[in-house]
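S.K.: Got a structure for you, written out below as structure tokens; questions coming shortly.
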Amino acid sequence: MINKLLILHTGGTISMNEGDNGHVVLSQENPLLASIKTLHSPAKIDQEAIFNVPSPHINLTHWIYLKTRIEKAIFQEHYTGIIITHGTDTLEETAYFLELSIDTDIPIVLTGAMRSNNELGSDGLINLQSAILVALTPESRDRGVLVVMNDEIHHAKFVTKTHTTNVATFQTPTFGPCGLIAKHNVLYFQRLTCYEHFPFEHLEKTNVPLIKTYAGMDSELLKYLANSECDGVVIEALGAGNLPPTCLAGVSALLNAQIPVVLVSRAFNGVTQDVYDYVGGGRRLKQEGVIFSTGLNGQKARIKLLVLLNQQLNQPLSNYF
Ligand code: ASP
């Protein structure tokens, strides 16, 4: 098979420059388009600057466009690897959306940078070089969507941005990266037990807010959502999956309105479990019909719920979390 890579540039710090005043700004012309010739690749590389936006501007419309472009690249144009350059703020969400929605064993690799193109110690080109290496490695096939940053490879499903500025920002808190880039070698150490895909044509139910809980939180926000047009709610609960008792009326209002409620933990590491049997404790929440997610963070659980709400499911929604 002849290797043929497609790089889709979407914007973010990796495509930005620092101005004289120290502020980082969007570049008119993506600097990566010209830099690519300085990188090493035995494969043919095509590139397209499909957007040029900071990643806080990325939304569902961008995701659908990206998904459609990637599917065309894989299934009609026969690219053997896809690389996406992206701002780091929402990179993990784009990565997981693509994993859930595209059924392929072709490597799809996202990368970005914490320091812009002209900053001292800029990490953009080395991350892009690593992403190319990963996309060209046969062992990268059938591993879901991968995130490559700072010499590490992470699964889209569990990776998260953990630091505002440090180049070592991307981590998989519960079990670490799945692989490393050591000099010019790609080394894998683990793989997920399953990769889930839920292909779809259209998304109709897209109103899925994410709510973070806190000590003493009341039910007002949740009751508001129960009376709104929302399709599902993800709650970042406390610890192993518990809520303040003052939230429970809000949770009941959501469930009575047939709005699915998925619980994740606001804790950085670990999974939610129905351990505690007290008012607001996980055991009672689960009995009420709240769905517990195993290990997804809030922003990923939100994407999964959104995608699942638009599927014909043959099992109860809770079985998919
Ligand atoms: N704020 C930037 C963005 O997400 C940060 C980055 O690219 O790393 O676009």
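Using the three backbone atoms N, Cα and C, a Cβ is placed for every residue, glycine included.
TrEMBL does not curate its annotations; it predicts them automatically.
What TrEMBL records for Thr13 is active site, O-isoaspartyl threonine intermediate. Sequence annotations record features per position, and here TrEMBL assigns active site to Thr13, Thr88. Residues or ranges marked as substrate binding site by TrEMBL: Ser55, Thr88, Asp89. What TrEMBL lists as domain 'L-asparaginase N-terminal' is 4-191. Feature annotation from TrEMBL assigns domain 'Asparaginase/glutaminase C-terminal' to 207-314.
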S.K.: Could you give me three numbers for the domain 'Asparaginase/glutaminase C-terminal' (207-314), the DSSP helix, strand and coil residue counts?
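M.R.: Split into helix, strand and coil, the domain 'Asparaginase/glutaminase C-terminal' (207-314) gives 38 helix, 17 strand, 53 coil.
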S.K.: Measuring CB to CB from Ser55 (substrate binding site), give everything in the same chain under 8 Å that is also at least six residues away in sequence.
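M.R.: Result: Thr10, Gly11, Gly12, His86, Gly87, Thr88, Asp89, Thr90, Leu91, Thr94, Gly112.
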S.K.: Could you measure the widest C-alpha to C-alpha distance across Ser55, Thr88, Asp89, the residues recorded as binding substrate, and give it to a whole number of angstrom?
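M.R.: Taking every pair of listed residues, the largest Cα separation comes to 7 Å.
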S.K.: When DSSP states are folded down to helix, strand and coil, where does Ser55 (substrate binding site) land?
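M.R.: DSSP call for Ser55 (substrate binding site): helix.
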S.K.: Near the substrate site, what residues other than Ser55, Thr88, Asp89 in the same chain have a C-beta no further than 8 Å from the centroid of the listed C-beta atoms?
M.R.: Gly12, Thr13, Pro54, Pro56, Ile58, His86, Gly87, Thr90, Leu91, Gly112, Lys161
